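*Asks:* Input: one structure, supplied below.
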Ligand SMILES: [Zn+2]
């Protein structure tokens, strides 16, 4: 009986591991499709036609964890990262470490964040690689947090003036819609800027972005099915707005009591079920062809 139980348990565990490995059908697509390039749908509910791979090693940047195949993007994004790498190399004398972008045909990752689906999101690590990383370090990179998480304070030993320059020059690019950083980093950027405050509007506080910034680009102009996010609220988002993220505002939890205006969701009446996201038709077609 015990032996049967063990076999049953082992096979159930391996089955569930298998299904975990394919938790998202998008992970099984190893190449971009041959259509012309187009971002379809929203950042967290879409896909990507005719993606391009970011070359793994370019001027001023390197791709992390390429084994995950998350280095594909819309060609506009590829051009953006390539240019940003050149600026990092020329102006900051360093190399950027590029984390997740999108899968070969976009869509949902099996783990991690729910956006990055349309080839327009890029994670860029705050760890500045003044000398390029070895292949082994690229496969299993060590993150460097700019925030002392237990004290909810900036990590002065890891903060570098170039972090300010990097976020500022990225935010000032017309293609950039938003940049997500940890609220403590946003506070530091707010304190470090003098009169030129427009770019700060695009830098939005969000949990989890202590060792990387998440850069989100606007929809490419010709991509009619691509859905932009509403623009950030007016103002630089400093002062009270970023302070409202401080855990002291809500002692019971680490989340802010009052979320900043752009996060507040309309109250849902209990009897109405939450509207299910419907994947755009063109993306559904890709998934259907897998079966
Ligand atoms: Zn991200």
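Yeah, the Cβs are placed from backbone N, Cα and C, and that goes for glycine too.
Please treat TrEMBL annotations as automatic predictions, because they have not gone through curation.
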*Asks:* Would you mind telling me which of 219-247, 248-276 TrEMBL tags as region 'Disordered'?
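*Replies:* Here TrEMBL associates region 'Disordered' with the stretch 248-276.
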*Asks:* Note down the number of other Cβ atoms within 10 Å of the Cβ of residue 190 (disulfide bond), including every protein chain shown.
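*Replies:* Total other Cβ atoms inside 10 Å, all chains included: 18.
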*Asks:* At a 10 A cut-off on CB-CB distances, which of the disulfide-bonded residues 219, 226, 238 has the highest count?
*Replies:* 226
